[in-house]
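Asks: After the structure tokens below, expect a handful of questions from me.
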Amino acid sequence: MSSLKVAVRVRPFNSREIDMDAQLIMEMENKKTRLLKPRLQSIRDAGRDNHHDFTFDYSYWSFDAEDPHFATQEQVYSDLGNDVVDCAYEGYNACVFAYGQTGSGKTFTMMGTPNNPGLIPRICEELFARMRVGQESGTGYRTHASYLEIYNERVKDLLAAQSTGHGLRVREHRSLGPYVENLSQHAVSDFDEIQECIARGNAQRTTASTNMNDTSSRSHAIFTITFVQAVFMNDMPSETVSKIHLVDLAGSERANATGATGQRLKEGAHINKSLVTLGSVISALAEQTGGGHNSSSSALATTPNGASKRVLYIPYRDSILTWLLKDSLGGNSKTIMIAALSPADCNYSETLSTLRYANRAKNIINKPTVNEDTNVKLIRELREEINKLKSMLAGDIHSLQPSLKVLADLQKKEAQEKVLTEEWTEKWKVAQSILQEQKSLGLRKSGVGVVLDSEMPHLIGIHNDVTTGVTLYSLKEGETRIGSEDADVAQDIELAGDGIRAQHCSIFLKGGVVTLHPWPLAQCWVNAHLIDEPKQISQGDIILLGRTNIFRFNNPAEAAKLRKDLSRSQLDMSRLSLITSSKENLLTCSIYSDEDGASPYKRPERQYYPQRPMSRDDPELQDENRKILDTIENALKQLNVERVQMHDQYKTKVRKLTEELIRLEQEEMDGLQLLNCREQELIARKDMLLWEKNNEKVQIDIVCRQISAFQTQLDSKKRDFSEYVAKELQELQDCGKLDEMGMKIEEGTPLNDELLLQVSDSLDLFAAQFIKDTVRRNNEEIRKLDEQIAEKERILNASTTKIAKVDETMLEIQAQLERLRLERAESEAESQAMRAKKQNMKLQLGNKSMSTSTSTNEADDVSKSDTYETCDTFHTAQSNLSLVSSPTITEGQQSPLSNCSCDAEDEAEDTRKDDLSGSSEETSRTCTAGPSSGSGSGSVGIGGSGSAPSCTPSSQAIMSDSGVCLDSRNQAILQNGHLNNYKQAVRTSDEDTGSCSSCELGRHSDVARPYCPLHSLRRKIAAQKALIMKNLETDLNKAQLDEHIADLQDLQRRYIQMEQEMLQSVQDLEAHAQCCADERSGMERQYELASSIMRSSVMSPTSMEESTSQIYSPSMTRSCPSMREFPEGEHFITIPSFVMRGAGKQTHYEYEVRIALPDGKLNILRRYSRFRELHLCMKHCYGAKISALPFPRRELFASNSEPVAKHRRRLLELYLRRLFVVCSKIPQCPIYEGPGGTGLTRASLVQLSSFFKKGLFENGKHGTG
């Protein structure tokens, strides 16, 4: 049993930390390490210790090179590396791995630099240094090296070819443990070879630059040395196998600190996953060790006291890294962990986490054992048993029978031990010879393949027959003779075949230069050129000897030099063309031109020449061959010129067609943009007409209520007056006055004012005057009421006529929209046909074109086409959202223009408005849940019921105080008692039209867009109309109302003029369309809120009861998102939902606050008391400016009910927005946005108040707030 050794090492500040003016927070003394808390952390944790102390096996202070306690690479190796080498020679497995955040110095500690090597090179160097000493004493060694990386949880062999990807699979053997399938093992015999393996693997390892480290390791690397040693000790064989795992881990990282995006972010996620799994394994092993050192594989283990204790699950297989290091963590290995630390205060949390993991790792207990060969172990056991039998035989000399049995057993064991020893010796000798042969030949294993690394120049046979083997001929220093077996002098390379002479040629190797010397009359071809004099050959040359023996010449030294010189080029084009031409000439070897062709086995008469070659001294033949070669070269040059010309022609044609396609696509896109902009303008105009129509309907509703009130008042006056007349006449009749005058009132005679005036003439002067004044006064009041009723009826008729005109205009706009959609559909069909034609053209050009640039241009065209299709799809997409309420503005609701002006209102008025908004929020929640079932199939006008005739020009009248038209014929409807039916018809038309318009409004989402110049003017028009409506209800005087109407008409004229100018400017169309969409979205919510309030005040008692029951019925806990009150703000602040927390008396609601900031998003949960503390704190800090902001009051009863929570959610959201607006204008505030201010960021919010600081466990709705 052996505990895991832990060492910590502190690196110096890097350039990033120096630029940040980081402070030193690390201290070391002997084995004790102290981590100081940063200043802010110390202030926050006042009353606690301002440091953390840890004790490890080794502590290395490498912060300052001038410090006398500075720990060098040599010191780290002397403490840790020597132990690893000792373990290897003792037969134990060993593992060293570095752990820490990114940029903390892990790779420097493990690998080092060429001038200052780290642990891995030093361990390898010491391993082979001791190996050389041991070989002198007769010890045999066998060493293999492998190097792998774990990148994105996939394994790659770093010593294999570069084309090998990250596709190796991890397996687990029953007894040998985890291993990587097809991982290449490379036999190494000295330090230079293993250093070359390390350098080759590091060159292929994945690294990248981040904000925290310029050369950040993006993968975990494991360098494994398999070390086998065998020796005879005391006439006893000994063989041990040790595995040394040297691990360089990638560092843990935070995305906001490293600035990782895209692929770097994905790599960091996989790195953190494997490191988290490593930490989980360390924690589980430490906890298991602390619980009794149980390592049984069963679920329950028995303790010494007899009680059963559960064994923890160790998640080795949750990550590739921990799976491969299974034996190193709690298994058969002696392990050393190096914790790399950053001394800067900016990395305090990561450093503390690393120290805690290292402190836990101290408790891990490994179970290392000597890895002895099974045969050697059996031999040793037999030797022990033989010694035991000899001792038994020596002590049993008096008994004959037992001695014979023991003696027989002894002889049997000795014979078995001798056979095993001989087999092991023979096996080891064979293995050593194989290693020597592999080293001499340069053979090494790479996965399932074998690689031949020969250092000497050599020839490789290229056969046309069915031979499956590879023939390699090494060239010796000096002369290498090549010929046939018939030669008088033994040839170094003996060949057979047509054209091979007894002494064919010689190859001279001197000083790395190889020269081919052909013998007279011998056919020697180099790269398809016949040579008859010595020629120097180079790497890759193709050599033909005779007519059938083809070889490729390889010179490793020259190849290495070429790779170094041509490192920037992946392919030597000149060499490729040479080899290609050689292959074309050599292909003629397989073409037999036997004229009769009678027998397939007949030797061909011609191979390379039209006829069998004569003597090379024949000048006519040489001239003929030279002419043929010149002709072929000229033909090749002409073909090459024609190929280049055709290539240029195709390239020019493709470029012209591409430009034409781009131009046509641009024209098509411009046309579609114009159609879309025109459609957006028509939709905006339609929405404005809908808004005006709804305003007129609301005004009609108000006028109807006023007419009803006046009618009721008139009836009351008439009834009182009739009662007064009857009472007076009854008194006169009772007094006998009527009898004196000779007047007699019969029972059926109506008692009117004329009768009373006749009677009053006979009375005294005072009584007559009193009765006349009373009659005149009552008649005057009745006349005024009749005039008011007539005036309201004229207003009602004018509004009805205006609504009818708006409906006609809307029908025209709808028809124009349909025409625009048809035009756009035709354009899309044309564009689809154009794209199909373009694709066909690409296919044709792709078959003819031979250059890479043409493919690149076509890929660009395809990408542009895809972009165009995406844009088109965006413009034609529609939503199925349907809303019920019609857009209306009332005095109980604020418009977007009035948000900033509401800061000084008193709390009572704000509470009254928010009480009204409770029902509107419920209405918006119901609308959001799904389409309304009460929406009609079309728009139903008032005239549709037959109760309101159309208005004629002769019966219209215009009021100067309201500017609306009334139909006098509607008075008959009111007098006949059909006022309620008239209201119902108006309400039905309102709901149906609202539902239709909501389909258009629902197309656009609530996304912040830049505002065009029409935005502020449109909002002014809306505000002016709302002001006029408010004044109509408050009975403002006529002069002021005329001024408001004149202002509204002026704004409308300016809006129409600006809209016409905007249509002429193509550059502003897109921004205007976006603004219209955003404005409609905002107006839709505002009108929806007000309309629900207005309809609730007009409904009958039955409908009021139903709406009240719906508002206060049990509903979802999550409320609807609130309206955007500040569309022009940069920071979007919402309280979209609330959740219930606690139980019993501790039950409360917490509100989710979402703030979108320039440097990220902030989501926090806060209860009402925290909001109140924030308000009181801001009032205390900034005085009257904050006191003027309305804040929701405390509720004494039902404070934890859902309606109260819904009501407060809206008020708290408004309060936070107004608070940010006010505080951003105060120079002393941390979120001041003026000169010198930091503005609204996460840091400034935390500095403003602890309300915006997230807690340690506050990660979502399930955290604490």
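First residue shown is number 1, and so on along the chain.
Heads up, the Cβ atoms here are built off N, Cα and C, so glycines get one too.
Keep in mind it's a predicted model, so treat the numbers as computed, not measured.
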Asks: Quick one: sort out which of 255-306, 567-618, 619-670 is the coiled coil according to Swiss-Prot.
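Replies: Checking Swiss-Prot against the ranges 255-306, 567-618, 619-670, the coiled coil one is 619-670.
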Asks: Have a look at 406-442, 443-479, 1035-1071 and point to the one annotated coiled coil in Swiss-Prot.
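Replies: Among 406-442, 443-479, 1035-1071, the range Swiss-Prot annotates as coiled coil is 1035-1071.
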Asks: Of Gly100, Gly103, Gly105, the binding-site residues given in the record, which has the fewest other CB atoms within 10 A of its CB?
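Replies: Per-residue Cβ counts within 10 Å for the binding-site residues Gly100, Gly103, Gly105 bottom out at Gly105.
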Asks: Among all the protein chains here, how many other CB atoms are within 10 A of the CB of Gln101 (ATP binding site)?
Replies: 24
Asks: Near Ser104 (ATP binding site), which residues of its chain come within a Cβ-Cβ distance under 8 Å, counting only those 6 or more away in sequence?
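Replies: Result: Arg11, Gly251, Ala340, Leu341, Ser342, Asn347, Thr354.
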Asks: If you run through the domain 'PX' (1129-1259) with DSSP, how many residues end up as helix, strand and coil?
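Replies: Split into helix, strand and coil, the domain 'PX' (1129-1259) gives 54 helix, 27 strand, 50 coil.
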Asks: In DSSP terms, helix, strand or coil for Gln101 (ATP binding site)?
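Replies: Note: Gln101 (ATP binding site) is in a strand by DSSP.
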